[in-house]
Amino acid sequence: MSAHRHVDVALLVVAVAWGSSYLAAKEVATTESVFGFLVIRFALAAAGLMVVLGTRLRRITRSEIAFGGLFGTILSVIFTLETFGLTTTSASNAGLIISLTIVLTPLLEQWIHGTRLPATFYCASMVAVLGVGLLTQRGGYARPSLGDVLMVLAAAARAGHVIVMAHLSRGRSLNPGCVTLVQICFCLAVFSTVAQFTGRGAGDVAAHLPLQGWLITAYLALACTVFAFVIQAWAVRRTSPARVSLLLGTEPLWAAAVGILVAGDPLSVAAVAGAMLVLAGTNWGRTIVVASSSEPRPAPSQAPPSSKLLGRSTYLWQPGSSCRSSSARASRRMPPRLRARRWRRRRAS
């Protein structure tokens, strides 16, 4: 399996986890308990990621703290908008509106970087959005509510999060696991502060949370938060933001599958047609993005050009890996003059 296929599979697994999170979050969160629920969720996520990172936490850098704090700011906005939106709108509307991320991401990327995607990409995106619309129709589209508006804002924030992470992390020696932990801890601090002044606090929510609620919250924390955002932070360094967004845009498809298999939602002709359109649009758009990308596709054993210029090799964060690549450590041990000569030689090649 090629390196890009590994990225695709990992992103699809994230999409499945996020798709199931709609039903899971609606089972636990209420309008009054949003911030208390988010405090518990992110506390569990932070604890889980600390266990996975272990001694690597000692190697966390100032850059990872700074960039993680910035990413965490956007992330806290996303979770606030999405959780409040899910409690004040239907799952049908939420699944449809959040898929606007598919279209907003390349538009923002084009505006920031001055790049252009083929018109066929937008056709593929609209096919996927149409499929999502068919999947999420449950008795017709309701009049937009406050929750609908919040989900639109969440979709825009998602697109911004992907692009900011891709733009600032590419070519830097940032460990995805450490950056993700900083994001989660920053969100935890924000939610803990806000929960003291709005709605029910974390202590009140935890005291009245049944065993099933704790299990659901643990699933949301470990699978839908820790795993998902480590994979996303890794993927945006190896593929384009538009491709990441398009694959994660299959999330409503998996939400419908969970609804049918777990919640017992009826399987209609519209749902089947919508599933086929989402799959077709996603695959079509992914092919267009790969074909039109201006960045060369790195081989598994070859670092991308941006990393080469900096004298660093790429790395895939995993439990058994170090927080820094070996070439980065070797480069730091070189005398400055030799390091500059090596950099000029690589740049000339």
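Glycine too: its Cβ is placed from the backbone N, Cα and C atoms.
TrEMBL annotations:
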| type | residues | note |
| --- | --- | --- |
| DOMAIN | 9-136 | domain 'EamA' |
| TRANSMEM | 35-53 | transmembrane segment |
| TRANSMEM | 65-84 | transmembrane segment |
| TRANSMEM | 120-137 | transmembrane segment |
| DOMAIN | 146-282 | domain 'EamA' |
| TRANSMEM | 180-199 | transmembrane segment |
| TRANSMEM | 211-234 | transmembrane segment |
| REGION | 293-312 | region 'Disordered' |
| REGION | 318-349 | region 'Disordered' |
| COMPBIAS | 330-349 | compositional bias 'Basic residues' |
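Counting Cβ pairs closer than 8 Å and at least 6 residues apart in sequence, the transmembrane segment (35-53) and the transmembrane segment (120-137) reach fewer than three and form no contact. Proximity of distant same-chain residues to the transmembrane segment (211-234), defined by a Cβ-Cβ separation under 8 Å and at least 6 residues beyond the stretch ends, is recorded for 10-11, 13-14, 17-18, 20-21, 24-25, 27-28, 37, 40-45, 48-49, 52, 75, 162, 165, 169, 176-177, 179-180, 183-184, 244, 248, 316-317.
Per-residue confidence over the domain 'EamA' (9-136) averages out at a pLDDT of 85. For the domain 'EamA' (9-136), the number of residues in each DSSP class (helix H, G, I; strand E, B; coil) is 114 helix, 0 strand, 14 coil. Each residue of the domain 'EamA' (146-282) gets a DSSP state, and the totals for helix, strand and coil are 108 helix, 0 strand, 29 coil.
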